[in-house]
Amino acid sequence: LLTPSGSISPPSVSTVPSVVTTAGTTPTQSFTTTFGTSSSSSTIVSATTITTSTIVSSGSASTSGTTPTSTTAPPGQSWWLCNCTKAVCVENNTVVIIPVICEPPPKPTCANGLAPVQVIDDDLCCWHWECDCYCTGWGDPHYLTFDGLYYSYQGNCTYVLVEEINKTVDNFGVYIDNYHCDTRDVVSCPRALIVRHETQEVRLATVTPNTVQVEVTVNKQAVALPYKKFGLSIYESGINHVVEIPELKMNVTFNGLSFSIRMPYSLFGNNTQGQCGICNNNTADDCRLPNGDIAESCEIMADHWQVVDPSKPQCSPGLIPTKAPSTTTVQPCKESSMCELLWGSVFKKCHEVVKPDKYYAACIFDSCTLPDLNLECSSLQIYAAVCADQNVCIDWRSHTNGVCSYECPEHKEYRACGPIKETTCKSSQQNETSVKQVEGCFCPNGTMLHDAGVDVCVKTCGCVGLDMIPREFGEKFTADCQDCVCLEGGNGIVCEPHKCPEQNKKSCSGKGFYEVNEVNSEDLCCPIVTCKCNTSLCTTEPPKCTLGFEVYSYIPSDQCCPVYQCVPKKVCVYQNAEFLPNSSVFVDKCQDCFCSNEVNISTQLNIISCEHIPCDTYCELGYERQPVQGECCGKCVQTKCVIHTSYGSNLTLSPGEFINDPYNNCTIYSCTSLHNQLISSTSEITCPAFNEESCKPGTVTFLPNGCCRTCAPLDSPTPCSVREREDFIVYKNCRSLERVVMTECEGTCGTFSLYSVEASSMEHSCSCCKEVETSLKEVELTCPSGDSITHKYVYVESCSCQDTQCDISNSSESQSTEENDESASNDVKRAISLTSK
């Protein structure tokens, strides 16, 4: 390709001479271009002279075949021809053809320890070396900046990994979300990686802490992989999730345990800042602060790159820490055997390409700080990934005794080194320009992935539907009740609704029947319509049977709903209760009944058989058997009081009856009915003081009560006075419950009869001991019926001898009168002081 302007230009504009002749060579000419960290040179040699009268211009950058037009090039003008050949117009219509030969530039040493990459020059002829901007992080976490400076930082906020110093790309940046991954809040682990580019924000977040399970969201919406939109693509590569921006020639990988950021030096050299540092192949300025100053260490620098994260209110962007976070363990610990693998034979072939010292230091730190999380695996994994990036494959997981094993799905197998982009039926062949490899799960040999978004391994390319079953081209099948065929080209699978054969429909009009579609074992998409019985749809209610009967139901062979009827239970029924055969039935106390097995033909119930219970007629003394309601043999009821005397005999008394002890008239027994209960009581008569010596001989007798004695006094009379005594009061079979204090007049008064000479007759002087002052008192008496009455009696307050008229008819009459007076006096005494019963 060439251009009349004489300057280096894209190969789309060209001018071609119409007539060429060879005319010797010209001296060589050299020029130099510089990119990145090294330069390349191109040499123009073996010039060929071409003589022509006219320069013909194609007039277009395309090869569409338009008619060329003629033009004339002035002397000194140059242009590029095809195959890196330069044409120079000299003079006299002479054009010098000069081919460009590229000399390999010297290979530089990259500060990050990685091999430099070849980058084509702008003239598309020669190339030069560049050190890619490559930043990694892993573990809890450890960082290698773009220029290879190693440091550890345990912040638990969200931070800038890389942003542009001078903004050339709209809304561009990579950020990391860290969290404390141990209970002591000592160390941190990456939780998510965020990539922003123009209108999109990609978030790669771990599903489970410290695992390689990652979920992807774009603008907070979950997306399926592979994803490609607005100049950004996301896909899986081995165990990694990759975010790629082709326009910027950059990619970001994340697998939950580690991340890497690769950017071209030509676009981002000397224009990056953040925790990944400045990409300029110089570690001296990697710890750059947001204000442009260089911190003492990157541990101090890292905390200054906080960003606002609503989910972490404890983080304050711009806050300057009081001291740098510690990145060393307090006490030395035993080196982990896992970390020793980095220096062993397993990784030996990578030692010359990438030194393991920084990864070993990180591994030791993780094993000492968090010995139970197996974070050593992340150091081995990232080192193996860097080795693979440098085209050195390390199969290391099998040497960890299962600690760092990686499980693949059943249809795939693990490989330590597999293609970055796996060959699929849609891609036809693997990207030949990529020789780098990654570890991950891949389709077994002899198979290939159907498509990047369809995780199915196939032996021959065909179709894969929603059922994830591979089909060959031309294969017919049924899926989701659709008849489908796998066709090459187009959408692959073409379907139409599955057609079912007609079937004889049954009538389900009977009660309780309903239509149901049953699975057809011969054709799952064409159910068989049958009639099913559902008794809950039946409207006939079962009858309510009388006692002794139960509901019996049966379903006729051609029906769904049951037919009900009441049938006997073969039980006895008595007083709204059912009794099983041979069980006892209580009718009354006078009968012993049970339920027999005999059936009453009219009632269809079992008959109750009974026998009378024999009665015991014996009752204890004082009790009589009397009929009682609800008792079959009556009941012994007390009708008399039973009194046990002190002499061992028993007396029976009816209610209200009094009786003296047969052997002691001073003891009186009584029987009283109180509230339908018979109560027996014993009373003792208290006699007044009696001195038989003061009695006339032969005059000692008993009072009417038969207990107390009395007599005629001697000549020395007893003066008339009031005498008190205590006794029970009895009136009309009712008596007092306690003894009552009563009084009486007792004493001797002067009585005489003598002859009077003057009167020539007998003179009589009669004096009687009588009451002078009395009062009425009340006492409550209890009757045999249990009732109480109030009784009044006379209480003598004072007594004295009082004259009384003597009968002087004759001495006999006088004697009779005295007897009558004495009788009257005794009557008064009995009236005043009733004899205790």
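Yeah, the Cβs are placed from backbone N, Cα and C, and that goes for glycine too.
Nobody curates TrEMBL annotations by hand; they come from automatic prediction.
Here TrEMBL flags C734-C783 (among others) as disulfide bond. The Cβ of C734 (disulfide bond) has 19 other Cβ atoms within 10 Å, all protein chains considered.
The feature disulfide bond is assigned by TrEMBL to C745-C799 (among others).
Among the features that TrEMBL reports, disulfide bond is placed at C749-C801 (among others). Counting every protein chain shown, the Cβ of C801 (disulfide bond) has 19 other Cβ atoms within 10 Å.
Per TrEMBL, domain 'VWFD' is recorded for 133-316.
The domain 'VWFC' annotation in TrEMBL covers 463-532 (among others).
Feature annotation from TrEMBL assigns domain 'VWFC' to 570-637 (among others).
The domain 'CTCK' feature in TrEMBL is assigned to 711-807.
The region 'Disordered' annotation in TrEMBL covers 1-20 (among others).
What TrEMBL records for 807-837 (among others) is region 'Disordered'.
Fewest other C-beta atoms within 10 angstroms, among the disulfide-bonded residues C745, C783, C799, are seen around C783. Cα to Cα, C749 (disulfide bond) and C734 (disulfide bond) are separated by 36 Å. Remark: secondary structure over the domain 'CTCK' (711-807) totals 0 helix, 64 strand, 33 coil, with classes taken from DSSP.
The two recorded residues, C734 (disulfide bond) and C745 (disulfide bond), have Cα atoms 26 Å apart.
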